[in-house]
Amino acid sequence: MLEIIHLNLYETAGLAVVVLFLGMILKQKVSFLDKYCIPSPVVGGLLVAFINYVIYQFGFVFTTDRTLEKLCLVLFFTSVGVQIDFSLIKRSFSTFALLLVGIIVLIFAQNILSLSLSSIFDLDKLMAFTASSISLAGGTGISEQFGGFLEDMNLANGTNLSLSMCTLGVLVSALVGGPFGRFLILKYKLKPNSDKLFAENIEDSKVTNSTFPANLAKASFQIAFIIGIGAVCCEFLFQAGISVPYYIGAMLVAIILRNLSIKTGRYHFYTGELNYIGVLSLSFYLAMNFMGLAVWQFDLINILQLGIFVAQFILMLLFAFFMVYILTGRDYDAAVLSASSIGFGIGGPSSSVATLMVLTGKYGPSFKSYLLFPIVGFMLADPINCIILSYFMRMF
């Protein structure tokens, strides 16, 4: 019988610190991890996840508290919001439209590919459908929801089979996204696009470093205030029938307040210190997310699923290059968006964020990517996926 050891919030935070240090040490010792842009939280997190898998073989497994993980994601996107100006939003509209169309095309393509392969090789269609947009573009939430529907259609263990493919997608996309982005950036000699607001933030950071402790406290108050307003706005929208994640609400409020402060000149944002909070929060989020991967679900994966996943992976690489990189401008932002799309295409939010973190940390900022991918890849992709999946489910 499996004995579950649940780590509380404090134990989870402590283990996350260990994960971060493990990742940093391994990247220092193994040069190719740094060279090919594998994030430290991913390295350390996967190591702990595989240790958990070994423990699982002896009848034990540890689970983590997710409260701090969710908070860290909200903190990160709030810190991003204070660095985005309205002009960037206007310039990004065409890219937003292309990404939205692209995610619709990708979801259709993933479902058509899985069903086509099952027909060509005369395989179980329900089993093949566990390696469709249910588990790949869908992530954990949709895998649990539609995996249950597959079980209702007499596919034994449909939920766990879908979750196993989802876990595989997270692992692969986290390891491939960084190297893919690095390849595009180096091959085409791409440089970060200079944003006026970002230059201003750098100047702010230089000025405030001399009084860092006091300003860090003020920045903490600012970010808490913004998150509170964002949460209230999300609740109002929810009452109106519109579901907006807290991290999106907080980011949008941060964008509005930051730009109002620039226009009026009446309120100062401590952007340098807010950036420190964001980077720290992101590192914690990724560490907690990847160390909690249920690697033992790989035991459920069969040859049929693995074969379809390989085909889906090739499709995703083609989509990332031709549909995202080529069509969205062939510049630095396009390269970062392209690499991050692998995350929300076959993995999940954590893979996308990990890719963004490592590429922008090494090669420079991409505020367009930070603005667009959470809206398209997180907020809009899931409802679009549910609508498209409902159509395909009628075919069974």
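Numbers run from 1 along the shown chain.
Yeah, the Cβs are placed from backbone N, Cα and C, and that goes for glycine too.
Automatic, uncurated: that is what TrEMBL annotation is.
What TrEMBL says about this protein:
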{"type": "TRANSMEM", "residues": "7-26", "note": "transmembrane segment"}
{"type": "TRANSMEM", "residues": "38-59", "note": "transmembrane segment"}
{"type": "TRANSMEM", "residues": "71-89", "note": "transmembrane segment"}
{"type": "TRANSMEM", "residues": "95-114", "note": "transmembrane segment"}
{"type": "TRANSMEM", "residues": "126-142", "note": "transmembrane segment"}
{"type": "TRANSMEM", "residues": "162-185", "note": "transmembrane segment"}
{"type": "TRANSMEM", "residues": "219-238", "note": "transmembrane segment"}
{"type": "TRANSMEM", "residues": "244-262", "note": "transmembrane segment"}
{"type": "TRANSMEM", "residues": "274-297", "note": "transmembrane segment"}
{"type": "TRANSMEM", "residues": "303-327", "note": "transmembrane segment"}
{"type": "TRANSMEM", "residues": "334-359", "note": "transmembrane segment"}
{"type": "TRANSMEM", "residues": "371-392", "note": "transmembrane segment"}
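Fewer than three CB pairs closer than 8 A are found between the transmembrane segment (162-185) and the transmembrane segment (371-392), and contact between the two stretches is not assigned (pairs 6 or more residues apart). Stretch with the largest number of CB pairs closer than 8 A to the transmembrane segment (7-26), among 95-114, 126-142, 244-262, 274-297, 303-327: 274-297.
A Cβ distance under 8 Å defines the sequence-distant neighbours of the transmembrane segment (244-262), meaning residues of its chain 6+ beyond its ends; these are 70, 73-74, 76-86, 89, 197, 226-227, 229-231, 233-234, 237-238, 268-269, 374-375, 378-379. It is 303-327 that, among the stretches 71-89, 303-327, 334-359, forms the most Cβ pairs under 8 Å with the transmembrane segment (126-142). Take the transmembrane segment (303-327) and the stretches 71-89, 95-114, 274-297, 334-359, 371-392: counting Cβ pairs under 8 Å, 334-359 has the most. For the transmembrane segment (219-238), the partner stretch with the highest count of Cβ pairs under 8 angstroms, out of 71-89, 95-114, 274-297, 371-392, is 71-89.
Count of Cβ pairs under 8 Å against the transmembrane segment (71-89): among 38-59, 95-114, 274-297, 371-392, the largest is for 274-297. With a cut-off of 8 Å between Cβ atoms, the residues of this chain six or more beyond the transmembrane segment (371-392) that come close are 77, 80, 84, 88-89, 92, 95-96, 99-100, 103-104, 107-108, 111, 115, 129, 132-134, 137-139, 141-142, 145-146, 244-245, 247-248, 251, 337, 340-341, 343-344, 349, 352, 356.
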